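Worksheet: the structure to be examined is printed underneath.
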Amino acid sequence: MALFEEEMDSNPMVSSLLNKLANYTNLTQGVVEHEEAENEEGAKRKTVKNPQMGTFIGVYLPCMQNILGVILFLRLTWIVGTAGVLETFAIVFMCCSCTMLTAISMSAIATNGVVPAGGSYYMISRSLGPEFGGAVGLCFYLGTTFAGSMYILGTIEIFLTYIVPNAAIFAAEKKEDAAEAMLNNMRIYGTCCLLFMALVVFVGVKYVNKLALVFLSCVVLSILATYAGVIKTVIEPPDFPVCLLGNRSLENHDFDKCLKTEVFGNATVSTELWKLFCDSPFLNASCDEYFASNNVSEIQGIPGLLSGVISDNLWSNYGPTGMLVEKKGQPSLPAQDASRDGYLPYVFNDIATSFMLLVGIYFPSVTGIMAGSNRSGDLRDAQRSIPTGTILAIATTSFIYMSCVVLFGACIEGVVLRDKFGDSVKRNLVIGTLAWPSPWVIVIGSFFSCCGAGLQSLTGAPRLLQAIARDGIVPFLQVFGHGKANGEPTWALLLTAGICEIGILIASLDAVAPILSMFFLMCYLFVNLACAVQTLLRTPNWRPRFKFYHWTLSFLGMSLCLSLMFISSWYYALVAMLIAGCIYKYIEYRGAEKEWGDGIRGLSLNAARYALIRLEEAPPHTKNWRPQLLVLLNLDAELGVKHRRLLSFTTQLKAGKGLTIIGSVLEGTYMSKAAEAKRSEQSAMLAEKTKGFCHVVASSNLRDGFSHLIQTAGLGGMKHNSVLMAWPTSWKHTQDSVSRRNFIETVRETTAAHQALLVAKNVDGFPGNQERLEGTIDVWWIVHDGGLLMLLPFLLRQHKVWRKCKMRLFTVAQLDDNSIQMKKDLQMFLYQLRLDAEVEVVEMHERDISAFTYEKTLVMEQRSQMLKQMQLSRTEREREVPVCTRPRHAVTEEPLSVTETRARNFRLVGLESLAQLIHDRNTKSHATLNDKAGPVPDRVHMTWTKEKLIGERNRQREANVGVRDLFNMKPNQSNVRRMHTAVELNKAIGSKSRGAQLVLLNMPGPPKNKGGDENYMEFLEVLMEGLPRVLLVRGSGREVITIYS
């Protein structure tokens, strides 16, 4: 394998890779991580037992334990009595369908590769990205935490209502105060229970795991006892009489006999029931009107499976708070005065009921389907066990729920079903009255079931929060990623207990259940969305082993989740979505960047591809035109950005809209410095809050690099249409004129490519993003090249830096123009463009060309000529090769004359000195030329070949002639006129706009003849002289602004 030995570090051998995969071990969530098992000296890794759990123990039973619980025992009978068998069956079917469809989607995701411990959060975050993963993961955490509150409240409700009613701390003296007293008792006992459970979890999870089988056994025994009781009712229904007054159900607490009076011997005496409705035990006492008008009767609360009571329980009985529980078809005479009904021992609705409310209360009973995926680290074969175990568990529990709905409606009297707390059957648990051999089987079983579920929630929620914190996607949660030495999440447990206490303080199971329904539904919604997105995108990595899925099932599950959210409680749904949205935006803004190959990124790529193809079909309309910028940045020797304010100006001009490409060119090879240069650009963009893309091009020279950038930056319809660059301030000082040639060629290339060009002069003096300017933005509209000059101030004023600046528009009128009419027409044009600006027409008549203009033009042309001479001299020097030894036919050069020597040295002087010399000559002060050139030796001895000596003498003679002509040349008339225009325009601009915050003016094009490039730069320099902030604008030639809507 010598052929590949240099790549072994990055590309290991296949045998090595297979060995690593074979030794891969999943760690259970909450245990010591692989890295934590090593000490600083690099000791041997602690051995971790290979997971051995199968489908039944690892997935099926945990899901059963989490799904079957408090709602089944405490609320399902009440839901059946309130909604009726048909509507309850619909509720159960919708909720079970939702979880079944979610389980199918979850199975596809769970079998698409190895799922480490972390369960649903891991699946969602790796499928939909860190933003969605963090938002939904925290929602799932909150749902699990509030589920703990619900289980604790269920535990306390069973304890205080059915096991030890006398243990209540707060006792109500009046019936109307009983509900408030019960809530206070729930708060006190619930807080104590929460502290005890949190302490158990803190001491050790192993105790919770050891008790899990006991709790599961309680659930199974309770369900078996219920089915046994149903069968028993066929043979011999249990005896649970219900007392009715008229058609009203009575609370059977304080009386034993359902009679108004009874006969003892020959005397008729009142009963305990009489005393509850009358003001004295005597038969002539004043009694309640309804009590006096109606008879009492007694019916069986559990008539049995064959009684036909199901026909009475098919339909719903919704009502407001305080509605009496009445038996349909029972004779009753209404009372005129019902004001005292609330103080009498009737059975009431404690809350207003509706179909939507019951959906929210029931849905938590089908949650818990993630229990198998949460244990993925403990499974022998997670990719086989999770789908099989989860779907079988949901199918089993769905059958149990649906059969219970039918059996409850067929066996139990309607007034007992609607009696939430069993007041009419001597405060027995309603489902317990159906159980065999005793109601206590259900009471004790449901009590321990709720305890176990609460412990499981307090165990799982902190670990879920710890997994989110350790991913680092939510910065403020990072403290909760720490724990005890063995990995137990201590801080996360404290936060979980605090949030759980909020649910305890609500104190009502019926109020807490819809809250956790929202969070679980949102989690399930995004599981379905993740599966649908991955399936539709057909990403190469989407290869789940579970094949019984389809994107339509995922979308159906997602739609069902969303519908159930708004059906159960629209305001809770909005609050849950708002919380998830805020977390999403926070992670997007402050969270750590994670690349997990998520589906949202793939969806973005597909959407981008589709949009690019659509954009390619036709060029954008004028109404949709906005500057798509290519910003040309210069980097210094340390690869730092030279003009950062160019990025600030880009941010102010774009305001985050449209395309921005930040480009720079490196001399050399791509592999050496490109990555470092890109990082430098990105850090500068981040500092200046510039949103866009970085593009670094490596080229043998800067000119070709910038040319490549202008030609190739962008993709398809998302190409730049404008180029922004800084004015090359060093063009006068650079002897090789690289910056001047780069600038002029860039102007020519953007013109040829029909792209706009923006050149910022004094860019380091432009405002930062934190500054707020007041003043004017002055636009000097000399020629029309598409209207970009008027669009740019409008875009700038959208940013807070320039928002308080007013726009002023100047245009130039010549001798033949009617300036008054021009101003009116321009004002009307701006009105139609919907732009607010002050208009001023500046009159510039033909004037005589001043001596200053002649002199400036002459200096400019002499400098240009001298630059050519210097370039020639430099080329000659580069061709010279010094010789160390004297060749055979070498000759000694004859001494040069003083004039020839002076001319040679004159060509070697720097650009600034030459310009000063030429200026001194034209102003009669050039007599010091020889002094500035320095001492010149009379004879220069060099070693030459004969041919080189002859060529050099010829060139010296030409140079002498060129230098003598340089001081006697006359300026070109065309250049004089251009200089005259530049000087006059500069005067006009200076007089009107010297105090402006920004001056925008048309940028004249370069000469078609490249011989005048040096003069072109001088014209632009004169045009902008003395102005603090200038933006030269050269349009693309197409209209970018329109008067039409």
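Glycine residues also receive a Cβ, built from the backbone N, Cα and C atoms like all the rest.
From a predicted model like this one, the values you see are computed outputs, not experimental measurements.
Here is what TrEMBL says about this protein:
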type: DOMAIN; residues: 59-231; note: domain 'Amino acid permease/ SLC12A'
type: DOMAIN; residues: 352-630; note: domain 'Amino acid permease/ SLC12A'
type: DOMAIN; residues: 760-899; note: domain 'SLC12A transporter C-terminal'
type: DOMAIN; residues: 976-1045; note: domain 'SLC12A transporter C-terminal'
type: TRANSMEM; residues: 54-76; note: transmembrane segment
type: TRANSMEM; residues: 88-111; note: transmembrane segment
type: TRANSMEM; residues: 132-153; note: transmembrane segment
type: TRANSMEM; residues: 186-205; note: transmembrane segment
type: TRANSMEM; residues: 212-231; note: transmembrane segment
type: TRANSMEM; residues: 351-371; note: transmembrane segment
type: TRANSMEM; residues: 391-417; note: transmembrane segment
type: TRANSMEM; residues: 437-455; note: transmembrane segment
type: TRANSMEM; residues: 491-509; note: transmembrane segment
type: TRANSMEM; residues: 515-537; note: transmembrane segment
type: TRANSMEM; residues: 549-573; note: transmembrane segment
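Between the transmembrane segment (515-537) and the stretches 88-111, 132-153, 212-231, Cβ pairs under 8 Å are most numerous for 132-153. Of the candidate ranges 54-76, 88-111, 186-205, 549-573, 54-76 contributes the most Cβ pairs within a distance under 8 Å of the transmembrane segment (437-455). In this chain, the transmembrane segment (351-371) lies out of contact with the transmembrane segment (491-509); the count of Cβ pairs under 8 Å, excluding pairs fewer than 6 apart in sequence, is fewer than 3.
For the transmembrane segment (351-371), the residues of the chain that approach it from at least six positions outside its boundaries are 59, 62-63, 65-72, 75-76, 79, 82-83, 87-88, 91-92, 94-96, 98-99, 102-103, 106, 119-120, 140, 143, 147, 150, 316, 318-321, 390, 393-394, 397-398, 401, 510, 513-514, 516-517, 520-521, 523, 564, 567-569, 572, judged by C-beta separation under 8 angstroms. In the predicted model, residues of the domain 'SLC12A transporter C-terminal' (760-899) average a pLDDT of 74. Within the domain 'SLC12A transporter C-terminal' (976-1045), the DSSP-based counts of helix, strand and coil residues read 33 helix, 10 strand, 27 coil.
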